[in-house]
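Structure first, then comments.
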Amino acid sequence: MSNPRNGDTKPPCLPRNGLVKIPTQPNGLGSASITKGTPAVKNRLCQPSSVPAILSPALAHRSDLPIPSLASPLSLATLAGVSSPPGASLVGLNTSEGSEQPSPERLPGSPSERQLAVDEKILNRLFWYFSACEKCVLAQVCKAWRRVLYQPKFWVGLTPVLHTKELYNVLPGGEKEFVSLQGFAVRGFDGFCLVGVSDLDICEFIDNYPLSKKGVKSMSLKRSTITDAGLEVMLEQMQGVVRLELSGCNDFTEAGLWSSLNARITALSVSDCINVADDAIAAISQLLPNLTELNLQAYHVTDTALAYFTAKQGYTTHTLRLNSCWEITNHGVVNMVHSLPNLSVLSLSGCSKVTDDGVELVAENLRKLRSLDLSWCPRITDMALEYIACDLHKLEELVLDRCVRITDTGLSYLSTMSSLRSLYLRWCCQVQDFGLKHLLSMGSLRLLSLAGCPLLTTTGLSGLVQLQELEELELTNCPGATPELFKYFSQHLPCCMVIE
């Protein structure tokens, strides 16, 4: 969700992975967070909030209006819409009789101002300007505001992140009680990220979340101790899940994938799971005929695994990310391009054994590619960029971070690509000012990252003002990026966000 940037209030800082982190509560509930459904534009810095003045000045400056600070921490109870336990510092969002939320009649100001404060037409437009964290706080003002804010339209594309310790309330007798997730259900959340959970925690979640059986479309388990049995139960009970992520889960095995994967899954991400190797890819290829997206970070997957994909997946799969698959070589690339000819997104990031010959195979066979990530591939040279420029005419995004053998010659090849909109050259240590001159003719560029390029000077960087359509320029850790240069960019590239 994007907001216009014309206000003075700053929202909570967004880390680069799109995560909105809510600090730990002193009441023992731990921290909670909401993450955007897809990673937004990479490497955004905190921007001034677009939050307009709330209602009239008379209301905006009244100290007795019971609106918590938008910078205050939120407990899971606040986020989920349940009553906070005794000692909680914030008013809950529940609708119980014990709620302390004021009614519209108790709001300060004149009758006309109070009428405006609860006018649903105004509120429905006003609340679009706020971040997810701010909406959680604003929902505590009164029942009228909560009723408007709890509409599912305000939460589309957001995923609650729940840690194990946040799923239980400790009762006076020391017993634990699973928290109410009704507030999430009212807002229609169809995706969750559970961190550090066990098989039992997942079963409790299924039993307590009203939409779990059919309404949850996406599930992410991170650093969890889920076993083969727990994975099987989860996918058997949650019949609506079509997107599954398993990250840092080391207790399930390849046998668990064979017994639990269901043909309805269309997107699968598996990363940092030590038991994943070639046999897991065999299970994925045979059990998921409708797979459209596969994200894989597995250190033990070899070239053989990339030959397992079937003709059906070759037709449906459009996104493949092989991150830090260290055993993949050019032979694996051969298997991949023949098995999955319709890819539009491909990442070989960290596949350090892939060379220029592998890139040539990609360029010649995957002509539909729109995004290609070759970051951390130290064997890639300028020759690979020539193959890309000659054959990948639809390419819109190219990531070359840490490709340390790329020089100005390689950039001259890229300058002929009329469709390229995003180019990442972070820590390409041989790129010099002369190479930047080749980029000045690329009118299609909207995002350019030169972070960490040590040979670029202020003079060379200043020439980038010719790229008048540029929307984002990253110059982090660039020695040539001086305060005077940033001032120069602010004057001559007023519509470009320059990241210092």
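Keep in mind that glycine also has a Cβ here, set from the backbone N, Cα and C atoms.
Record features (TrEMBL):
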type	residues	note
REGION	1-36	region 'Disordered'
COMPBIAS	24-36	compositional bias 'Polar residues'
REGION	90-113	region 'Disordered'
COMPBIAS	92-102	compositional bias 'Polar residues'
DOMAIN	264-337	domain 'F-box/LRR-repeat protein 15-like leucin rich repeat'
DOMAIN	343-465	domain 'F-box/LRR-repeat protein 15-like leucin rich repeat'
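Restricting the average to the domain 'F-box/LRR-repeat protein 15-like leucin rich repeat' (264-337) gives a pLDDT of 95.
Mapped onto DSSP helix, strand and coil, the domain 'F-box/LRR-repeat protein 15-like leucin rich repeat' (343-465) counts 42 helix, 15 strand, 66 coil.
Taking DSSP states H, G and I as helix and E and B as strand, the domain 'F-box/LRR-repeat protein 15-like leucin rich repeat' (264-337) has 29 helix, 14 strand, 31 coil.
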